[in-house]
Amino acid sequence: SRYQVEDESSHLDEMPLMMSEEGFENDESDYHTLPRARISQRRRGLEWFICGGWKFLCTSCSDWLINICRRKKDLKARTVWLGCPEKCEEKYPKNAIKNQKYNIFTFIPGVLYEQFKFFLNLYFLVVSCSQFVPALKIGYLYTYWAPLGFVLTVTVVREAVDEFRRYKRDKEMNSQLYSKLTVRGKVQVKSSDIQVGDLIIVEKNQRIPSDMVFLRTSEKTGSCFIRTDQLDGETDWKLKVAVSCTQRLPALGDLFSINAYVYAQKPQLDIHSFEGTFTREDSDPAVHESLSIENTLWASTVVASGTVIGVVIYTGKETRSVMNTSNPKNKVGLLDLELNQLTKALFLALVALSVVMVTLQGFVGPWYRNLFRFLLLFSYIIPISLRVNLDMGKAAYGWMIMKDDNIPGTVVRTSTIPEELGRLVYLLTDKTGTLTQNEMIFKRLHLGTVSYGTDTMDEIQSHIINSYSQVHSQNSGNSTSSTPSRKPQSSAPKVRKSVSNRIHEAVKAIALCHNVTPVYESRAGVSGETEYAEVDQDFSDENRTYQASSPDEVALVQWTESVGLTLVNRDLTSMQLKTPGGHILTYYILQIFPFTSESKRMGIIVRDESSGEITFYMKGADVAMSTIVQYNDWLEEECGNMAREGLRTLVVAKKSLTEEQYQDFESRYNQAKLSIHDRNLKVAAVVESLEREMELLCLTGVEDQLQADVRPTLEMLRNAGIKIWMLTGDKLETATCIAKSSHLVSRNQDIHIFRPVST
């Protein structure tokens, strides 16, 4: 196959092109040593086989047989027609969740194999079987088989209970009912019966059953939020956007009146990327819309707002969540491994003692039979009661953990390793959301020459009130003139802006450059596809909450509200800001570039409704923004100062665009988004063409407060001898500050910094 050819070529690349002459010359003594080398190799091979090689060979053979039985088919890209599963060209896996280790046929053989692969159990099995030989029988059968049978019974019952619990959890998930949209209306369907191409309706707080493309939502904004904590462990809500072509349809039933399909890439592991296209063929011309990760709804996530409708593209084993889940394996604790090694040592001592006894007899008669009888007589040196007590203790520990009132709701999913909790040596913890509350508070704004803290925010508020009052007075004075008051940007000389103007630009940029959506609670119950009425959204401050995928953005928008510039409304195409004087400013959203872990920044292009000016705003980490903004001599130093205070920093910048510049960018950007191959690289290259010589506006600092009782908890764990490692993507200075404030590192402890090694 092609993959084998590539592997062979890679090995050939590693080989030398020419061997030296010494490589072909062999001394005659080498040939004399070959037979001895082969003999020693055979001896090493025999020792390896006796000492555990047989177990390795059995495991390899069983894995080979399993791979033969479960032949993986090649995953391919697919074309999925909306609401037409029968048009699928291939047969896709069933949408059933299966976390069981065994089935009804493999349960007993599998459990017995897992038990007898340990030397202790295998030893007692051999000893018990030897009592069926009359010449070796030295006691009653039940004295050997009863303890072994008890151990096996306890193990089988324990495994059966764990397997039954897994079966019940799987059955509960597979039996959940969902609304499936058909030509005749809505029908209820089980999660396990969902097929590729089905149109599934998922209500608020309901689990998404399979990987879907987001077609439609009941939210007026055309977007919704989902919770992904069961997929990636992050508690922040993620914003998802519906396909604009289907969101604009008047009613749900119109999804069957259009002739459309989704082209999706082949299933893969990466949960943070997706490439596909949506095509509607019955329109003239045909509508082509690019699909990205923001248009997807992965399985095992939960809808947090509104009702969503999606078309299923991946099911069962091909979903992102299942592909990132390893096959269930039997977990073995360190205590079992140590006991197995001690049993081998005791067995060697037992053999040595038996040889001594046979030697004292003088090897008279059938000495090998006497040797085996001595082995049986001394077999009580290896106590089987130890294994019995160990299994009973594990079962008791698991039951006590689940019944502990101090940790309610704890579930013991594996009852074979509860004692491992007492042997923890290393503890790895995340910083954001684990040691800290993941609730941000705005603390600092730096403009280059002046810095504002929590005690001087009233000065910013007064600057904002004055600047917007002047803007509105100028607009009212120019309202009688028919010509728009646009400033020529190219010919105007560069003058140093006043502090008031810089504050005005910085606050406006922070209020516009984000993915935050204001949400207003409805006064009346809303169901189905009925939208909120305009009268319900009264823009009252007490009725407004903010939703975003990042708490940093919520903190920034809440701060702009506190200083007078309030985000009051947002949809897919526009957002509205309320000034201190109560005037509403409307900005049209032309493009959004969401934050990614690779780019470490997000951007937005907006058009001011009143002036028509197009502005590109961007904010991100200082490491990503330092090469994008114009030269300055204060950014790096101030980022370090804020980080040493434990603040999370963001750099905010802007760039004004002409109509011609934006039209050129839009054409190149849309063309890159529709490409199938290397889409991310092409899109990034187009966006980077704008990210040059941007005007640096400000540097912000937000604080993430520590969790309650995190200090005594970490101190208690450290005193218990547990070594704690904190994982974070923040700056080194921020991580050091949090480590000290949370008592992860004591005040008098030295901190060693390992710099990257350069060659």
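For all residues, glycine too, the Cβ spot is worked out from N, Cα and C.
What TrEMBL says about this one:
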type     : residues                                                                       : note
DOMAIN   : 88-145                                                                         : domain 'P-type ATPase N-terminal'
DOMAIN   : 186-320                                                                        : domain 'P-type ATPase A'
BINDING  : Asp430, Lys431, Thr432, Glu553, Phe595, Lys619, Arg648, Thr728, Gly729, Asp730 : ATP binding site
ACT_SITE : Asp430                                                                         : active site, 4-aspartylphosphate intermediate
COMPBIAS : 471-492                                                                        : compositional bias 'Polar residues'
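For Thr432 (ATP binding site), the same-chain residues 6+ apart in sequence whose C-beta sits under 8 angstroms from its C-beta are Asn438, Asp704, Thr728, Asp730. Every protein chain shown contributes to the tally, and the Cβ of Arg648 (ATP binding site) ends up with 22 other Cβ atoms within 10 Å. All chains included, 15 other C-beta atoms sit within 10 angstroms of the C-beta of Asp430 (ATP binding site). As a summary of secondary structure, the domain 'P-type ATPase A' (186-320) carries 23 helix, 53 strand, 59 coil according to DSSP.
For the domain 'P-type ATPase N-terminal' (88-145), the DSSP counts in helix, strand and coil order read 29 helix, 0 strand, 29 coil. Long-range Cβ proximity for Gly729 (ATP binding site), meaning a same-chain Cβ under 8 A and a gap of 6 or more residues, is found for Ser597. Spatially close to Phe595 (ATP binding site) yet at least six residues away along the chain are Asn515, Ser550, Arg601, Met602, Gly620, judged by Cβ distances under 8 angstroms.
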